[in-house]
Amino acid sequence: MLPQSLWDFILGYNAWLRSAFFPVLFSLSVYLTFCLPFVVLDLLSPRLAWIRTFKIQQKSHVSWTMMWSCLAHSLYNHVVFLFPLTVLHWFWRPATFMPEAPGTLRLIWDVVACLLLFDFQYFIWHLLHHKVPWLYRTFHKVHHKHTSTFALTTEYSGAWETLSLGFFAGVNPLLLGCHPLTEMLFYVLNIWLSVEDHSGYDLPWSTHRLVPFGLYGGAPHHDLHHLKFKSNYAPYFTHWDRVFGTLHKHSD
């Protein structure tokens, strides 16, 4: 079975998995790896017109200064805030890894459940931080510095926002009793979707084009939130914005 083979491969790095450094290095390396293709597109787009046809806000331009500012901010949050907390968590709850992997269907079910739960949590958190002026001004305004998003703006946020969303992502697999492999795959998927949301590109293979009936908003959905501020609060799916009447489309 594929999950078992993958899990056996991962367990081969048992020493790394048990290290206090692993969680931060894992999340940061995955994040930067996913950002890299979009960084390349941003650097090439001023020279190649066909790349600009996929940009959601085609007149926007991403400079080296903007990229470095976001990258430095993200590294600061990881070093100053995330790393100490993950070390404390490592002492409090040492990692344990069972040899058996979950079945394929259970793995998929649990990853989707974690993603849907995170989507709901973030929607409520996000809505409150826009509807309550003090919350927006004090915590969330930093993330809205850029009205035209690019990949490295994904983690351009204050410590409170970084820790809050990290807490949601970290606690959901525990609440749902997920296998460590499921937890890792959920982290990877969540980071990818978040980077894609902020990429500023609507590519032919973008996730929202693969999910039918407009159930998934993707990059156009979230880019419009940064442009309009008062709509599209859910990070990924569109159902909560539909329910609360906060869904806005480009054609609206």
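Just so it is clear, glycine is given a Cβ too, placed from its N, Cα and C backbone atoms.
These numbers come from a predicted model, not from an experiment.
Record features, source TrEMBL:
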type	residues	note
DOMAIN	111-246	domain 'Fatty acid hydroxylase'
TRANSMEM	20-44	transmembrane segment
TRANSMEM	65-92	transmembrane segment
TRANSMEM	107-128	transmembrane segment
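If you average pLDDT over the domain 'Fatty acid hydroxylase' (111-246) in this model, you get 95.
With DSSP classes pooled into helix, strand and coil, the tally for the domain 'Fatty acid hydroxylase' (111-246) is 96 helix, 3 strand, 37 coil.
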